[in-house]
Amino acid sequence: MAQRAGAVIVPRWPGAIVIALVLLLTVGTLIAVLTRADTFGGLGSADRAAISFTLLQAVLSAAISVIAAIPVARALSRRRFRGRSILITLLGAPFILPVVVAVMGLLAVFGRNGLLNDALTMIGAGRVSIYGLAGVVLAHVFFNLPLAVRMILQGWQSIPAERFRLAAALDAPVFSLLERPMLRAVLPGAFASIFLICLTSFAVALILGGGPKATTVELAIYQAIRFDFALDRAAFLAAIQFAMSLVAAGIAWFLAVPDASGAGLDRMARRWDGASIFSRLSDGLAIVVAAAFLIVPLVLVVLRGIGGLGDVPVQIWPAIVRSVLVAVVSTSLTILAAVALSVRGGRGVVVASALPLAASSLVVGTGLFIMVQPILNPAKIALPVTAMMNALMALPFALRIMEPAVTKAERDFGRLSTSLGIVGWARVRMVILPRIRGSLGFAAGLAAALSMGDLGVIALFATSDQQTLPLLMYQLMGSYRTDAASGAALILLGLSLGAFWICDKWGRHGAEN
Amino acid sequence: MALKIDDLRIRLDDFSLKANCAFEAGKVTALIGASGAGKSTFLSALAGFVDCDGGDIRWNGARIQGLPPARRPLATLFQDNNLFPHLTIAQNVGLALGPRLRPLSKDRGPIANALDRVGLAGFDARKPAQLSGGQQSRAALARVLLQDRPIVLLDEPFAALGPGLKRDMLALLRDVILSPERVVIMVTHDPEDARYIADDIAVVADGRVMPPAPVADVLDNPSDDIKLYLGLH
């Protein structure tokens with residue numbers, strides 16, 4: 001419908017500023033990287049090893065996550081049991097779980113002194129090591145199996161209940177008739193999006209990778225900057241990383257990534273297949289194994305954390321303050337940017353929600369490092385840069401949550417507001433913000449938790465007197481102070497979940513009106 | 001005093017509407033026509049939400065065509081979403097006096113008075129969700145009353161109410177909103193509503209808004225368009 005052109009309904013210039021900033025931080029830093037990249041040396045053998053390890057771990061992580069997710073999603077889609085909705089909620093939890101904390105939990109199960117090795121020793125078998133390829137893939141599966149389950153479950157839920165009735169009435173095979181076509185449509189997108197996530201995941205490789213056999217490109221960038229002070233080489237590697245991300249993001253875009261928002265996952269279609277003992281047992285097994293895989297490490301984080309609280313060093317206090325400050329600043333920036341962009345609408349939203357996903361934080365961080373290094377010591381601005389980067393990385397998720405809410409508020413109350421002369425900033429303050437409160441709180445919660453647990457750019461910029469809590473935890477783990485690290489993990493877990501809970505709770509309060 | 005529409009033309013994709021008519025003050029005019037005939041589009045054009053391709057809209061000779069919606073001398077009741085759910089009834093009604101959430105002290109009296117006129121005295125602090133459907137309609141009417149604009153447009157705002165409540169609201173509308181200086185135009189599907197409240201009927205059919213004519217003339221000696229719409233043959 002033709003709306004009135006020319007009249008100022010909502011302010012549009014703040015959105016333009018945000019788009020300019022996003023372009024500067026993504027495309028601008030990329031240009032800085034490319035102009036600095038030392039290509040004369042060409043690809044060394046270490047570079048080639050890093051590239052192939054990066055691709056190998058991403059392919060394995062994505063393939064295992066997606067394949068393992070199929071029986072779990074199938075079981076969740078056709079079984080009704082106590083705790084089903086809690087389990088589905090829990091599948092969303094890894095998103096706000098700090099990587100260092102999850103790795104701590106995985107170490108408690110699969111690590112040198114973990115449950116698995118204790119059991120293996122007891123039966124006289126050899127020990128397994130979690131470091132290297134196995135550990136990196138394990139951690140990536142821990143984070144992305146739940147995501148894959150949500151995407152595939154969404155596919156199962158999208159099969160109309162009538163089709164199951166029809167299949168039952170005709171006694172037709174449900175798998176080949178309904179499930180195989182759905183899986184064929186959903187799996188490639190799920191694989192591609194998890195592949196992209198694993199391609200740009202830095203913290204897991206930092207903690208569990210390393211050495212000539214298990215170094216990702218991002219880890220190599222970090223080592224080039226931190227240990228060799230070789231900016232040209234870091235820039236070269238960053239250009240390679242960007243090229244890989246770009247190809248993967250393009251493929252994921254082309255394949256249409258499935259919805260994992262979790263909306264409507266509580267619905268269940270009545271089904272008539274899967275009544276045999278075998279399928280009941282296999283569904284039960286899939287659910288129990290998946291739940292244990294997710295829950296046991298977290299329970300161990302809590303149990304060992306309580307024991308380790310007494311060993312936490314005194315530096316934890318300034319680290320907590322820094323982490324909270326960075327989270328507050330980055331969450332505010334994310335929300336301001338997301339509001340400005342959603343209100344503006346249009347093409348800018350698409351750009352700002354796609355670019356940060358394709359750009360990895362290490363590539364952007366390298367670019368920023370190159371840009372500021374001639375002017376001042378990068379360590380001086382470690383915390384502001386981290387806050388800005390965290391805001392940039394959370395922006396796509398915040399937009400995906402808030403933009404539909406702003407659109408709905410305008411659709412429902414736009415005309416009434418305009419007819420009453422509520423335009424410009426008054427429109428944002430009096431109508432849009434109160435209407436999107438629930439989505440805003442949820443998005444702020446995600447942004448705060450993501451920032452609280454971030455171990456990316458901060459590792460690149462910070463010196464030892466600027467640690468955030470995840471960085472301090474990583475250093476404690478590196479110096480084998482396991483008890484202290486366990487205590488810090490529990491505190492970090494509490495801060496991340498607490499930050500999410502406070503924001504989400506604020507959003508829900510009064511959102512029913 | 002009258003709202004004059006001269007050669008107004010609206011074109012939206014493959015739909016077009018022409019209007020050439022006048023609405024007199026002191027009367028309620030019902031807009032009647034089949035779904036999709038363009039009743040709501042016509043109201044949207046008057047209110048300034050839809051751009052016109054040509055023609056003129058004048059109130060007492062002054063051109064209002066081209067003004068932004070809030071600067072036109074009219075108030076609109078939409079089909080739904082006439083109250084902001086996050087604001088109290090007093091705040092919702094108070095928006096009639098300007099885009100602010102804390103009423104000026106001089107505005108408190110008029111707001112209370114408007115609520116009193118529609119039978120909602122004492123409901124100031126409630127949120128719309130705490131009111132029944134009929135009470136919500138009353139609150140929206142109170143805002144229109146307080147807006148005190150010479151033209152009032154109603155786009156079937158009471159359609160979701162039961163027949164009895166709808167009658168009550170139409171009576172209240174006639175009672176508190178209609179005045180000798182005011183033009184009231186309402187869209188309706190129901191010829192009985194028109195008979196109950198309206199003075200004139202303007203038929204919307206074949207891409208045209210016909211000039212208003214007295215209700216009895218239109219309904220008792222129906223034209224072919226009206227016969228078709230009413231199902232008379």
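The count begins at 1 with the first shown residue.
Placement of Cβ uses the backbone N, Cα and C atoms for every residue, glycine included.
Positions annotated as domain 'ABC transmembrane type-1' by TrEMBL: A:51-248 (among others).
TrEMBL lists A:316-503 (among others) with the feature domain 'ABC transmembrane type-1'.
For A:12-37 (among others), the entry in TrEMBL reads transmembrane segment. Taking Cβ pairs closer than 8 Å, the transmembrane segment (A:12-37) reaches residues 231-232, 235-236, 238-239, 242, 336-337, 340-341, 343-345, 348, 351-352, 355-356, 358-359, 363-364, 366-368, 370-371, 388-389, 392, 395 in its own chain, all 6 or more past its ends.
Here TrEMBL flags A:49-73 (among others) as transmembrane segment.
Tertiary neighbourhood of the transmembrane segment (A:85-110): same-chain residues 76, 116-117, 128, 130, 135, 138-139, 142-144, 146-147, 149-150, 153, 201, 203-204, 207-208, 262, 265-266, 287, 291, 294-298, 300-301, 304, 445-446, 449-450, 452-455, 470, 473-474, 477, 485-486, 489, 492-493, 496-497, 500, selected by CB-CB distance under 8 Å and a gap of 6+ residues from either end. As annotated by TrEMBL, transmembrane segment applies to A:85-110 (among others).
Taken from TrEMBL, the feature transmembrane segment applies to A:130-153 (among others). Among residues of the same chain six or more beyond the transmembrane segment (A:130-153), those with a C-beta under 8 A of the stretch's C-beta atoms are 53, 56-58, 60-62, 64-66, 68-70, 72-73, 76-77, 88, 90-95, 97, 99, 102-103, 106-107, 110-112, 114, 183, 186-187, 189-190, 193-194, 197-198, 201, 204-205, 208-211, 213-214, 216, 257-260, 262, 265, 290, 293-294, 297.
If you look up TrEMBL, you'll see A:185-208 (among others) marked as transmembrane segment. For the transmembrane segment (A:185-208), the list of distant contacts is 54-55, 57-59, 61-63, 65-66, 69, 99-100, 103, 130-132, 135-136, 139-140, 143-144, 147-148, 151-152, 154-155, 214-216, 218-219, 222, 241, 244-245, 248-249, 251-252, 255-258, 357, 360-362, 455-456, 459, 470, 474, 477: same-chain residues at least six beyond its ends, Cβ to Cβ under 8 Å.
TrEMBL lists A:234-256 (among others) with the feature transmembrane segment.
The transmembrane segment feature in TrEMBL is assigned to A:277-300 (among others). Sequence-remote contacts of a segment are chain residues at least 6 beyond its ends whose Cβ falls under 8 Å from one of its Cβ atoms, and for the transmembrane segment (A:277-300) they are 68, 71-72, 74-76, 78-79, 81, 87, 90-91, 93-94, 97, 102, 105-106, 108-109, 115, 142, 145-146, 149, 493.
The feature transmembrane segment is assigned by TrEMBL to A:320-343 (among others). Long-range Cβ contacts of the transmembrane segment (A:320-343) within its own chain (Cβ-Cβ under 8 Å, at least 6 residues beyond either end) map to 10-12, 14-15, 17-19, 21-22, 349, 352, 383-384, 386-391, 394-395, 398-399, 402-403, 405-407, 428, 432-433, 440, 443-444, 447-448, 451-452, 454, 466-470, 491-492, 495, 499, 503.
Sequence annotations record features per position, and here TrEMBL assigns transmembrane segment to A:355-375 (among others).
The annotation transmembrane segment is assigned in TrEMBL to A:381-401 (among others).
Taken from TrEMBL, the feature transmembrane segment applies to A:439-464 (among others).
Feature annotation from TrEMBL assigns transmembrane segment to A:484-503 (among others).
Relative to the transmembrane segment (A:49-73), the listed stretch A:234-256 leads the set A:234-256, A:381-401, A:439-464 in CB pairs under 8 A.
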